[in-house]
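What follows is a set of notes on a single structure, which appears directly below.
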Amino acid sequence: MAHNCLQCIKYLMFVFNLLFWLGGCGILGVGIWLAVTQGNFATLSSSFPSLSAANLLIVTGTFVMIIGFVGCIGAIKENKCLLLSFFIMLLIIFLLELTVVILFFVYTDKIDKYAQRDLKKGLHLYGTDGNIGLTNAWSIIQTDFRCCGVSNYTDWFEVYNTTRVPDSCCLEFSENCGLHSPGTWWKAPCYETVKIWLQENLLAVGIFALCTALVQILGLTFAMTMYCQVVKADTYCA
């Protein structure tokens, strides 16, 4: 009976980690594709230029693949060391995510102020050599969210040292339309607009976070259950 239970957990954990590994491959693939085709896409921070969507996806995909691989081998080989390593790695990631979420809610106001200050600083890199990712990201955000600047369209005046905004701020896009009067530009601040959009989609973000947490808890449960079963089986055989 115990042997049948162990075999059932073994194959369930193997399938779980195989899907985990394949998910990591997909995330890594998307990250590499973004890095190759879009440069440092979605790099908005001047303080953390490496914190781009492509780099985040590559790092996340690599970690997920490594953890999934360790879990697969640990399950199929019934290796106590690998099972325990898988459990510890997944537990560390889970605790780190929990810590980040708690700190985010505790220091929301400070994070808000720092983010706006850093984004305004990053505006000065718009359109400069080697910052195609930041330039593309701002152009896409201002066009899609119909906004201009971080807290106001006048943020761009400091960048250009004149009454001008990027063409992506225009109500109707045309060449050099950013040189026209303010009446032809979007007035909404991008920071608040994106923040409101995130709040409106908070349910979807919450469901995604909950699903991620449940998957990790399921992985931790599988790993510890199988580890205990392997230890019991070894003790029984001895």
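In case you wondered, yes, glycine gets a Cβ from its N, Cα and C as well.
Copied over from TrEMBL, here are the features:
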- 12-36: transmembrane segment (TRANSMEM)
- 56-76: transmembrane segment (TRANSMEM)
- 83-107: transmembrane segment (TRANSMEM)
- CYS148-CYS169: disulfide bond (DISULFID)
- 202-223: transmembrane segment (TRANSMEM)
CYS169 (disulfide bond): tally of other CB atoms within 10 A of its CB:
26
Tell me which residues of the chain lie with their Cβ under 8 angstroms from that of CYS148 (disulfide bond), as long as they are six or more apart in sequence?
GLN142, TRP156, VAL165, CYS169, TRP185, TRP186, LYS187, ALA188, PRO189, CYS190
